[in-house]
Every structure is written in C-alpha cells, then in structure tokens.
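A.B. asks: Here it is, the structure in full.
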Amino acid sequence: MLMMNFVSSIIFIYIGIFINLYIWQVNNSIFEVSWFNLVMFIGWGISFILGARMLYRQTIRLLLALSAVSGAAAFLLLTFLTLDNRNLWIAIIGLPVGLMWGFYTVAQNLSVSFSGKGSEVASFFAANNLIGQVLSMVIPIVSAQFIGWFGYESSFILMFVFVIVMLLFSYTMPKISMPLSEGPQLGFWKELAVKKVFGSRQSIWLVLSILAGGVFMQFQNLFTLVFTFTVTQDKLLIALLNVLYTGSAFLGLALYRKFKWNDNLCLWLGVTLLSAGFVVALFPLHPLLILSNVLTAFGMFFFAMIWNAQQFQCIENYPPARKAAFLIWREGLLIGMRIILLVFIMQLQSLDGWLYVALIGTTLISLILIPVFQAKAVKVMVTGRAPSSPGASISEGT
C-alpha cells in the first residue's frame, strides 16, 4: 500500500497546489477556490459511500482502479474542456477530482484498519507521513519548473501518465474487502444504523472530536493555499514556500524522535502551534501569512500523527462490521463539516472583516475542543472499552 501511496501522493500533491492555483490565478477569487473544493468534497463523499458499499462484494483493487479512472477523466477535462460559464467549468473539474480522492480514501482507510493492529496502524501513518513530507518538498518544485518550461497543459498530460501508472498498480494490491456482521447479514444501510454504530460513551466523544476536526482541517487546508497565493503567484516561489512549510513538519519529526513526548503532550503541542498560526493570520500582512503557515505546518505534524492514530486505536477492538461502519460515518461527518464551512468561506471577499474573524474564532474553538474530546474517548478505551448502554447512544444524547 505504501508504494501505491507514493504514486498517488505525487498526483494529489500536484492537484492540491497547482489545480487550486490554476483556478485562483484567473480572478484571485476565494469564492472560486472554495467552490472547487466544495464540489470536490461532494464528489469525495459520494464516491466514499459508493466505494464502501462496493467493498461488500468487491476488493480494494476495483476502488483504486476507479480512483485512477476518475483522475484520468479530471486531467483530460483540464486539458480539453473549455466553457464560457466558469463556475460550471470549475464544478465539472472538481467532481472527478473528488471521485478520485473518495475512492482512494475508502480503499486506504479500510484496508489499513482491517489489516493492522494499533501499533501497525501508527507505524503505517508514520511511514506514510514521512513519504508525504518528502514528496511535498520535491514535487512542487519539479512541477513548478515543468509548468514554467512546458505550460499547464503539458503538466496535465504528465499527470495523466501518472494516473495510468496508478491504474496499473491497482491490480497488484491485496484483495481486501469489507467484513460483514458475524450474525445474519443486515445489508449495507442497516450496518450503518446509528444505534448499531454509536452504542458506547466512547463513540460519543469520538464523534464530537470528528465534527470539530472537520471544521479545523478545512480552514487549515484551504487557507494554507489562500495565504500562500495572496503572498505570491510565482509557481517556483510557491513551491519554495511549500518546502519551508514541509521543513517545519520535519522539525516536528526531529523533536518528536529526540524527546519521545507522550501522545497527550504531542496533541496539545500541535493544537497550541496551530492556534498561534491562526491568531497570527488575523493580521494578514504578507510576512505574517507566511509565519502563520509555518506555525500551522509545524503544529499539524503533531496533531495529525496523534489524532489519526488514536482514532484508529479507539476502534481497534470493534467487531469488523462495526469498525467499517464507523469509518464510513467518520468520513461522512468530516466531509459534511468541511462542506458547511466552505459555504461560509465562499462569502469571503478578502482576508478581513467580521466573517473572516468569525471563521478564525470558530476554528480556534473547534481546535481547542479536539484534544478534550479525544482524551475522553481514550480514557474510556483504557478503562476497559465500556460496553454499550442505552443512555450512551448518540441518538439519545442529541
């Protein structure tokens, strides 16, 4: 799976920076970039649910192949499609990009969850993050130079070639599929029933952490790009700034290995650094926007490593069918919160005003609540994974 991640990361890093820049540089519009991301996440959600359902009868090979086909469609559309209606054009591009990401995410998350124990999951995320960080330094520079020499259209064709390589790799992946209930088969939608999935106090805290995480991650992901594009639209400078951000994450890795901090300290350190970055962004001067991104990249290393690993560890002892259903709900909740936040971000005209301050304030509150909710979930796990009780279900607690 790591080899597939290597190939796909090249594509996703390119999309994350240069497709957003391709859209931004025409009108410097927060609305257009937000609209692209909103449509992308709609496609992501659709393909994630569809892919999860398909895994009851198929394996991750098919999902990875569908991801590659969706990516191929996106790059072909980028190369050849022209429309007078720009918002429609953005939506048509964003949908297959989202489908690509959704099929890939469901294949990766479920295969990792079902093929490894807690320590193995943590090791996978550590190795995957390291690969991602190295590629995050190299790919933007190479892509910027390539676009500078040959133009965007040639880079789309090159990415199309990488997607074909991804398609070929999909046939070498292990044949992992979705486990069903140990009892009578309930069907896909009944497996996702709220009372069946969220039947413990631990689930409540995990869901609250996920909801808060969706708000925080969408703000951080989108505004890292917007802050950078506001400072410069020079592709090579953007790539070099990305190297600076990634270098901050490497500093986090070095400190983590040297001091071997515990999970709780790492999570709070990440939250503190991220919060500092968002506060700095209240003053949108160019040097401060760069500082904001450096701080959030530094903090994101600690946050993402611990948050993801703890979430998977908390559901490690769930029955396979419940674990699968929880992961589907997890992704759906994250995407739902991302889309809600994007609807508000689309109203922004610039990096100032009451709405901008309100978005940062909401993000800060969500971010600070995450380790609180996460600690509650971990505490329940450590004290014996409390059994389900009628008073502890989400449906009765909301």
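Cβ atoms here come from the backbone N, Cα and C positions, even for glycine.
Fair warning: this is a prediction, and the values are worked out from it, not measured in the lab.
Look at TrEMBL and you will find 7-24, 30-50, 62-82, 88-107, 128-150, 156-173, 204-230, 236-256, 265-283, 289-307, 327-348, 354-373 tagged as transmembrane segment.
Give me the local environment of each listed feature.
C.D. replies: Through the fold, the transmembrane segment (7-24) approaches residues 32-33, 36-37, 67, 71, 74, 78, 90, 93, 97, 101, 104, 131-132, 135-136, 139-140, 143-144, 147, 152, 155, 159, 162-163, 165-166, 169, 225-226, 229, 233, 235, 238-239, 242 of its own chain, all at least 6 residues removed from its boundaries and within a Cβ separation under 8 Å.
Proximity of distant same-chain residues to the transmembrane segment (62-82), defined by a Cβ-Cβ separation under 8 Å and at least 6 residues beyond the stretch ends, is recorded for 4, 8, 11, 15, 19, 22, 47, 51, 54-55, 89, 92-93, 96-97, 99-104, 106-107, 152-153, 156-157, 159-160, 163-164, 166-167, 169-171, 173.
Long-range contacts of the transmembrane segment (204-230) within the same chain: residues 16-17, 20-21, 24-25, 28, 30, 33-34, 37, 198, 238, 241-242, 245, 274, 278, 281, 284, 286, 289-290, 292-293, 296-297, 300, 307, 311, 314-315, 326, 329-330, 333-338, 340-342, 345, 351, 359-360, 362-363, 366-367, 369-370, 373-374, 376-377, 380, 392, 394, 397, each at least 6 residues beyond the stretch ends and with a Cβ under 8 Å from a Cβ of the stretch.
Beyond the ends of the transmembrane segment (265-283), by six or more residues, the same chain brings 216, 219-220, 223, 227, 256, 289, 291-296, 298-307, 310, 351, 357, 360, 363-364, 367-368, 370-371, 374 to within a C-beta distance below 8 angstroms of the stretch.
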A.B. asks: Under a Cβ pair cut-off of under 8 Å, which of the recorded stretches 30-50, 88-107, 236-256, 327-348, 354-373 contacts the transmembrane segment (128-150) most often?
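C.D. replies: When the Cβ pairs under 8 Å are tallied, 236-256 comes out ahead.
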A.B. asks: In terms of Cβ proximity under 8 Å, which residues at least six beyond the ends of the transmembrane segment (30-50) contact it?
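C.D. replies: Distant contacts of the transmembrane segment (30-50): 19-20, 23-24, 66-67, 70, 86-87, 90-91, 93-103, 105-106, 218, 222, 225-226, 328, 331-332, 335-336, 338-339, 342-343, 345-350.
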A.B. asks: Counting CB pairs under 8 Å, which listed stretch among 88-107, 156-173, 236-256, 327-348 touches the transmembrane segment (289-307) the most?
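C.D. replies: Between the candidates 88-107, 156-173, 236-256, 327-348, the best contact partner of the transmembrane segment (289-307) is 236-256.
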